[in-house]
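Only one structure is covered here, and it is reproduced in the block below.
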Amino acid sequence: MDLKTAVFNAARDGKLKLLQKLLENKSDREVLKLMAEKTNGATPLLMASRYGHLELVEFLMECCCAPVELGGSVNFDGEVIEGAPPLWAASAAGHLKVVQSLLGHGASVNNTTLTNSTPLRAACFDGHLDIVRYLVEHQADLEVANRHGHTCLMISCYKGHREIAQFLLEKGADVNRRSVKGNTALHDCAESGSLEIMKMLLKFGASMEKDGYGMTPLLSASVTGHTNIVDFLTAHPQTGLAERISALELLGATFVDKKRDLLGALQYWKRAMELRHSEADCMRREEPLEPEPAYDCSREVSTAEELDGLIADPDDMRMQALLIRERILGPAHPDTSYYIRYRGAVYADSGNFERCIRLWKYALDMQQSNLEPLSPMTASSLLSFAELFSFMLQDRAKGLLGAGVSFQQLMEILCRSVLEIERAVKQPRPSPDPDPAQLSKLLSIILHLICLLEKLPCSPEQDQHKKETIYRFLKLQACGRNGFSPLHLAVDHNTTCVGRYPVCKFPSLQVASVLLECGADVNSRDLDDNSPLHVAASNNHPDIMKLLISGGTHFDSTNALQQTACDLLDHTQLAKSLIQPINHTTLQCLAARAIIRHRLVYRGSIPERLEAFVLLHR
């Protein structure tokens, strides 16, 4: 074990004497370097603060001059917090004496993590009232919000820490502050079921505002199923009749899909209907002109008799819940499409794939019409289709009875996936560049869909449609992680892992072949200057390497580390013996290598296209 690791472990475990022994006879410069170095992303002081080793913390600051503000990575409840300063870690873990010591040695009370979380917010999150009081006494700013605009008061309300919320309010916390998505502390109480804190917020002047989705605290409580909040707010004088009706209807939908309590749902729907009929002239509900096939053409019930009849048809009740939720929340709210997808998954689990696909396509329509390009929710929907189609194809291959996958079904989802890439890359400026992680995920999903399509028989017309779509996809020139083109991804084993369930296995010779046929650039480069051939070599796949070579790639072109594809082949694998460099090296390649090796001046002496060729061998 090296000295850096030994020092880190001693600090983490609170072994002061061992740490002193490790550092004896070390120069001040060596000690300072050890204090600033990170192991697993954390400094010794950060670890000692995280685990509450007071004597060790003071030794590190006083005798080792450990940097008191230097942040790092620290784990809480399985989540890695990046850029956390020692004071944040001590506050989150509830170590008051360590907090006092750090502040006494000059730690900034408002220093934040990478997500802009303060030590005060960390203490509020886990309910450490004594630390909250101490930090506020030492000028902690109550109103510093995290990157989502979520304040200390909001998190205290959401976590149900009544005493902390009361303390913050008494110290002047803004009771009506809004987050980035427009929600207030009242919304956090509603979503967590914290009724007593909600009553306190109202006494301090909290107002019932709508968030960015148009949700009031009452509707938020209905969505999360907190009946205590719904009962309280439906009787509150700030709540109008229309909102009371919507809240009860929405709560009934929550009872169907979240609590799986159909009888409970009926009771809330009856209460809503009684209120609606009590004001018939102004509370009439608008009906859609055409029933939605995805909902099996169901319509919302409008009379008490129709409502009573639902108990005999649980499936119709579930469609009622989806109809009600879409009407009240609208298609842009995440819960609307989420529960449509949830209901479709239940149908798939029972073998009713047709109903599942109809519902999922309807949810995908909503997402692509209302969400930003490359939304994680849209990507999740597209991945679910790929996983479902893979499962259905496996059943067919095993000879099991069940619905088969048609070429048209798969092709439609491929087209929808390509559309999502188009939406992302063709956004009008100054829109931000597409998120590389989400773009990479969607590119991988598309390759899995192409792989599944290659397993299905198709007519010449269908094959032409497929290849035109792939050509359109390639023309977008979208790249994923590390600048990987679709062809890079097709020959990389990491593309296999796109979700929780297996879809296709990569590297895929079939997918690489159809991409090349449709115009993929065989000499495209990633950010490390690797060609697809380099990636295929790293994966020890000689058949794909031969395919790429026959497609015109330069066998001896080098990457940023001056490595050829042959250099990357595993010497212990058979691939090395199957790929013979002499068979794929031209005189032109040898000449280019000689120019590079002897550092000959060639720019301006040869045609520009040959200059580019020489650069491939640098």
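Cβ from N, Cα, C; glycine included.
Quick look at what Swiss-Prot lists:
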REPEAT    2-31  repeat 'ANK 1'
REPEAT    40-70  repeat 'ANK 2'
REPEAT    82-111  repeat 'ANK 3'
REPEAT    115-144  repeat 'ANK 4'
REPEAT    148-177  repeat 'ANK 5'
REPEAT    181-210  repeat 'ANK 6'
REPEAT    213-243  repeat 'ANK 7'
REPEAT    245-279  repeat 'TPR 1'
REPEAT    337-370  repeat 'TPR 2'
REPEAT    482-524  repeat 'ANK 8'
REPEAT    528-557  repeat 'ANK 9'
> Hey, which bits of the same chain come close to the repeat 'TPR 2' (337-370), Cβ under 8 Å, at least six residues off its ends?
Replying inline: 253, 257, 292-296, 318, 321-322, 325-326, 331, 377-378, 381-382, 384-385, 388, 392, 402-403, 409, 412, 416, 419-420, 423
> Across the repeat 'ANK 1' (2-31), what is the average pLDDT of the model, as a whole number?
Replying inline: 92
> Mind checking which residues reach the repeat 'ANK 5' (148-177)? Cβ under 8 Å, same chain, six or more beyond either end.
Replying inline: 118, 120-121, 124-127, 129, 132-133, 136, 142, 183-186, 188-189, 191-194, 196-198, 200-201, 204-207, 209
>> Cβ pairs under 8 Å only, please: of the recorded stretches 40-70, 213-243, 245-279, which one is richest in them relative to the repeat 'ANK 1' (2-31)?
In response: 40-70
>> So if I exclude everything within five residues of the ends of the repeat 'ANK 4' (115-144), which remaining residues of that chain have a CB under 8 angstroms from its CBs? That is, six or more out.
In response: 81-83, 85, 87-94, 96, 99-100, 103, 109, 151-153, 155-156, 159, 161, 163-164, 167-168, 171-174, 177
>> If we skip the immediate neighbours and take only residues 6+ beyond the ends of the repeat 'ANK 3' (82-111), which ones have a Cβ under 8 Å from one of its Cβ atoms?
In response: 41, 43, 45-46, 48-54, 57-58, 61-62, 68-74, 76, 117-120, 122-123, 125-126, 128, 130-131, 134-135, 138-141, 144
>> Checking distant contacts: for the repeat 'ANK 2' (40-70), what same-chain residues at least six beyond its ends satisfy Cβ-Cβ under 8 A?
In response: 7-8, 10-16, 19-20, 23, 28, 31-32, 34, 80, 82, 84-87, 89-90, 93-95, 97-98, 101-102, 105-108, 111
